[in-house]
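> Got a structure for you, written out below as C-alpha cells; questions coming shortly.
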C-alpha cells in the first residue's frame, strides 16, 4: 500500500526529527530528506505537502542552503519554519533582515484566525521563538498572519498557492496549540487523510518480509532491548520458526534480566532462542581493565565473536535482522533507503560472516512508534517500555575494574532502588533511574564494628528526550528507605549517595 507522504526538508535545524514526529502523530507518514534533494526526486514521491525546517544559516550568507524556486510552482502546499520561513520570503522576492533584538524563548503572539493555518486556535497565545533574522517585507501576493511585540511578520501565507511561513516553532511543546497548527497544515491545507496506522504498518511489513525471505533462515541478535525485541517479534510473525534469535548473556545484565528475556520470547512467543552463557569469557577479557572506552571496545569485540560462533553453527544463513530505527537512519546521513538492503557484512561484524541482506523492519519508525508496534504485537509492557540500558550493561556502571563480586553487589543495589521507585509509583515520572558502584571505599560503623566498604551512587533523572536532563526530586522518605535497605541487606556497601547533577554539565551515565 502506498501511503500519502509529507516530506520534511532538513536545513540543519535541531528540531527536524521533532517536526517529523509531530506529523506522524497526526497519522500522516513523513520522511526527512536533505534540503538539496533533486526536485525530480521530490516530485516523483507525489507529496501531499512539504515542510522546510529551521537552521543555523542566514539567507544572505554565501553558502546558505537554498532550494530550487521551481518547487514553488508545482502546486504542492509548503510550510516554512524559522529559517524555512525566511527562505520562502527571500526566494519569492521579499526582504529578510537582521533583528535589533534576538527573540529566544516563549513569546506572546497574535494570530489571524481567519487563516486556515490558524483555524480553531485562540487569537492570542504563546509561541516559542529562536531567531536572529526576520522577514521585514513580504513577497507579492503574501499576507501577514501573525505578529509578536518584536516581530511584525511572525507568520505569513498565500491561500491560493498554499504556501505559508512561520517564524516560531510549532513543533515544540512550548508553543501553545503548536500541534493544532501542524494538524491544520496537514488536513486543512494539504488535504491529508491520516492513513498512517500501526496496524497497517505491521501487516505491510509482515507481507514484505515474507516476500523477501521466503522459506530461508534468518538470524537475529536479541538483546532484550526495545528495538531488537520488536524487530524480532515482527520478523517472527512473518516467518515463524525460520527465525533464530541468539541471546548472548555476557553476565553484565541486571538482576533477573536474562531469565526474563528467554522466558518472554521462548515461552510466550514460542521463538527459537539460543541462549549463550558467556559470562566467564567476558569477565576474563575485562580483567584488569578500568578505562570505560576500553571496556566498551572489549565487550563489543567479544559480543561479535560469540555471535559469529553461534551463527556459524546454524549453517548457511543469508539474512540478519537489525533493530535500526529512523533516527539512526537520519543521523547517519544516509537518508531514505529501502527497508531491506543488500550488504556484504554487518557494520561492526567481522567479514568472517557474509550476510546477503540485512532486514531492518523498523527503519521507518521513531522510538515511540516502535513501542506502539511492540504493544500491538503483544510484547509485555515491561519490555516495550524498558528504560534505556547501555549495550555494555553494568560494566559501565561499575567504576574501575569489573569483577563478579562487584557485579553481584551492583545487581542487588540496583534491584532495590528500581523496586522502591516502582512501588512508590514514580516509575512513570522518572526518565531513567539506576545505581552506580563507585570505586571509592569509606569508613563506617555497623554493629559496633568498623567497616571499610563501597560507596554506591543512585542516579535518577527527568527528561523528554534524553538530550538534556534534570535530576529527579525524589522525596526524602523514599531515598531514606532505599538507603536503609541497601546498607542493611547488601554486603560490602556502607554508604549511599544521590547524584544531583543535571545534564549538562554531567551525562546521564557515569561512564
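Glycine is no exception: its Cβ is also placed from the backbone N, Cα and C atoms.
According to Swiss-Prot, the feature domain 'Glutamine amidotransferase type-1' maps to 5-195, an assignment based on sequence analysis. Taken from Swiss-Prot, the feature active site, nucleophile applies to 82. The active site annotation in Swiss-Prot covers 169, 171, and the record cites sequence analysis as its basis. If you look up Swiss-Prot, you'll see 196-386 marked as domain 'GMPS ATP-PPase', on the strength of sequence analysis. Taken from Swiss-Prot, the feature ATP binding site covers 223, 224, 225, 226, 227, 228, 229.
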> Along the domain 'Glutamine amidotransferase type-1' (5-195), what average pLDDT does this model show?
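Mean pLDDT, the domain 'Glutamine amidotransferase type-1' (5-195): 93.
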> Got a sec? Which of these binding-site residues, 223, 228, 229, has the most Cβ atoms within 10 Å?
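Within the set of binding-site residues, the most crowded position is 229.
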> How long is the line from the C-alpha of residue 171 (active site) to the C-alpha of residue 225 (ATP binding site), rounded to the nearest angstrom?
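About 28 Å separate the Cα atoms of these two residues.
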> Can you check what DSSP calls residue 229 (ATP binding site), collapsed to helix, strand or coil?
helix
> Would you mind listing, in sequence order, the residues at least six apart from residue 224 (ATP binding site) in the same chain with a Cβ closer than 8 Å to its Cβ?
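Expected: 247, 253, 257, 258, 260, 261, 383, 386.
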> Residue 82 (active site, nucleophile) has how many other Cβ neighbours within 10 Å of its own Cβ?
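Taking all protein chains shown, residue 82 (active site, nucleophile) has 25 Cβ neighbours within 10 Å.
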> Given the recorded positions 82, 225, 226, 227, 229, which one's Cα is the least distant from that of residue 169 (active site)?
82
> In which DSSP state, out of helix, strand and coil, do we find the residue listed as 'active site, nucleophile'?
coil
> Relative to the Cα of residue 82 (active site, nucleophile), which of the binding-site residues 223, 227, 228 has the closest Cα?
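Nearest candidate: 227.
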> For the recorded ATP site formed by 223, 224, 225, 226, 227, 228, 229, name the remaining residues of the chain with Cβ within 8 Å of the site's Cβ center, in chain order.
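Those within range, site residues removed, are 222, 230, 231, 323, 383, 386.
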> Are there any residues at least 6 positions away along the chain from residue 225 (ATP binding site) with a Cβ closer than 8 Å to its Cβ? List them or say none.
323, 386, 389
> By the count of other Cβ atoms within 10 Å, pick out the sparsest of the recorded positions 169, 227.
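Least crowded of the recorded positions 169, 227, by Cβ count within 10 Å, is 227.
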> For residue 226 (ATP binding site), what is the tally of other C-beta atoms lying within 10 angstroms of its C-beta?
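Result for residue 226 (ATP binding site): 23 other Cβ atoms within 10 Å.
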> Provide the three-state secondary structure of residue 169 (active site) computed with DSSP.
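Coil, per DSSP.
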